[in-house]
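Taking it in order: structure first as structure tokens, then the write-up.
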Amino acid sequence: MTAQPALAIEAVGLEKSFGDTRAVAGVDLAVPAGAIYGVLGPNGAGKTTTIRMLATLVEPDAGSARVLGHDVVAESDAVRGLVSLTGQLASVDEELTGRENLVLVGRLLGHRRAAARARADELLEAFGVADAAGRLVKHWSGGMRRRLDIAASIVVTPQLVFLDEPTTGLDPRSRNQVWEIARALAAAGTTILLCTQYLEEADQLADGIAVIDRGRVIAEGTPGQLKASVGTGSLHVRLLDPGRRAEAARVLEAAVGTVVLEPDPAALSAACADAERAAVGVGELGRAGVGVAGFSLDQPSLDEVFLALTGHVAEQQPSGTLEEQAS
Amino acid sequence: MTATTTAPGSADTAAVRRAIADTVRPARPGRLSTALTFGWRGMLKVKHVPEQLLDVTVTPVMFLLLFTYLFGGAIAGSTSAYLDYTLPGLLVMSVLFTTVYSGVSLNTDLTKGVVDRFRSLPIWRPAPLLGSLLGDSVRYVVAGTVIIAVGVALGYRPDGGVGGALAALALVVVFSFGLSWVFSVLGLLMRSPNAVMNAGFMGIFPLTFLSNVFVDPATLPGPLEAFVEVNPISVLATASRSLMAGAPDGTAIAVSLAVAAALAAVFLPVTTRLYRSR
């Protein structure tokens, strides 16, 4: 394997229009090698088009991008030799069996028949789909197809994997498995570009996140930085005695910040981004003799981040729609 | 769920890591080998979805039976005389109908996302298209053989013998290679496999009927006769008839091959361009 440049993906001013629609309107990305990098945004934000440009499936109208040191237009073949794509619709052949799918990819990448079969069996086993290996993929569940799709992406270990909405339409258990696989890929040093509309997914997996809306990157940073940039979290306190909530509110208002009374009569919260200040607040409650049953310090959720950054709520697609298209 | 047990049907993270740690990168395969691998894929589909073969063979067989027994006597004086006239034409119809499926299967690949996989692989780019010809040719040969076999069962005995029948089948299959690119372009432009099927048959169906497959054009009104005479499907049916009769019509064969070559020359590059950019 050749040494990887420090940046696995370096995109400057990528643009792409389809007819009158500006799908991508100038995207810059800098993805460090070995990271899981999340591209987060609602449907139609330009995520898939961005991935397709980086995976050399679509040529950009303007701007340029280097993937693992190769230009996506001038050296597209070199890029294809180093990356794998796991598409939004599982990129597998439904009219073949699971094993045939992996053998096909292995053969296309240059494995001889026996080696392609051996690798297929190894992957089918590792991804927990060996029992269904001989059945046509159109009879497989969505979660199994996803796993097969990712398995097909590592028939020959790539240096970078594009995961385009890998868990859309999956049940929670299948989703967790896909996450486990993504973490395993990253642990082995593979760079992952993860497109997702699920805020929780980016938070769970990504080291860095670019938030994209209407074809532009509108914010970038670690999940923690993004939350911090949006402002405060809050200290939640639950009292032993609901009757003393008014008193507790006065104490927290003075020691921490603006207090909100919660629907639970024993609970209240105070705006607070700073853990030390929160600790002082809880200490003050003790000093005032107000019994505390429990407390927690929450950062703002990525949902709140998205709302704050875009001024509109992330539009969630009803899950399963894509699966239906695929079947 | 615990970290040490793996539920049946779950991914085994440790094994996934081992699989990824294997960074063996085989040498890239040659162009021919890549195209043949796609041919293998086409064969597997014929094996897994034999219904598709049924679809394309049942309609022509139905026409064969209907026309021979219902209209044969009226058109040609006797059913056996009509069978002699129409069977080489039905061979053409049967195989040409099958070409629509080239577009249908290409469109299916597009709508299911598997084309994205192929396009993201470091392979010779026309290979998926050329490879699919191999699977297609199996369908053509099956469709053609079925119609000839049914004809023989009904009493058809070509003067050209087995050799003539094989030559006619070969000519029709070669013509179909050319025509299939038209439907491939359709397959790349339309939204769903069903739309490709409908549009394809809307084109091929009237063209087949407005040819000399079923009736001698001499019986038609002037303008219609003129169209039927120049319809390439008529020319191909004439060529097929001549080969089956053991008296090859050189002009018709040459024109058929030229039309096939022209179709391929125009529509193959369009197909490759569309396949790359969609």
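Every residue gets a Cβ built from N, Cα and C, even glycine.
Here is what TrEMBL says about this protein:
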{"type": "DOMAIN", "residues": "B:51-278", "note": "domain 'ABC transmembrane type-2'"}
{"type": "TRANSMEM", "residues": "B:53-75", "note": "transmembrane segment"}
{"type": "TRANSMEM", "residues": "B:87-108", "note": "transmembrane segment"}
{"type": "TRANSMEM", "residues": "B:129-154", "note": "transmembrane segment"}
{"type": "TRANSMEM", "residues": "B:166-189", "note": "transmembrane segment"}
{"type": "TRANSMEM", "residues": "B:196-215", "note": "transmembrane segment"}
{"type": "TRANSMEM", "residues": "B:250-270", "note": "transmembrane segment"}
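The stretch with the most CB contacts under 8 Å to the transmembrane segment (B:250-270), chosen from B:53-75, B:129-154, B:166-189, B:196-215, is B:166-189. B:87-108 is the stretch from B:53-75, B:87-108, B:129-154 with the greatest number of Cβ pairs below 8 Å to the transmembrane segment (B:196-215). Here the transmembrane segment (B:87-108) has long-range neighbours at 45, 52, 56-57, 59-61, 63-64, 67, 129, 132, 136, 139-140, 143-144, 146-148, 151, 156, 158, 168-169, 172-173, 175-176, 179-188, 190, 192-193, 195-197, 200-201, 204, 208, 211-214, 233, 236-237, 240-241, 243-245, 275, meaning same-chain residues at least 6 beyond its ends whose C-beta is under 8 angstroms from one of its own.
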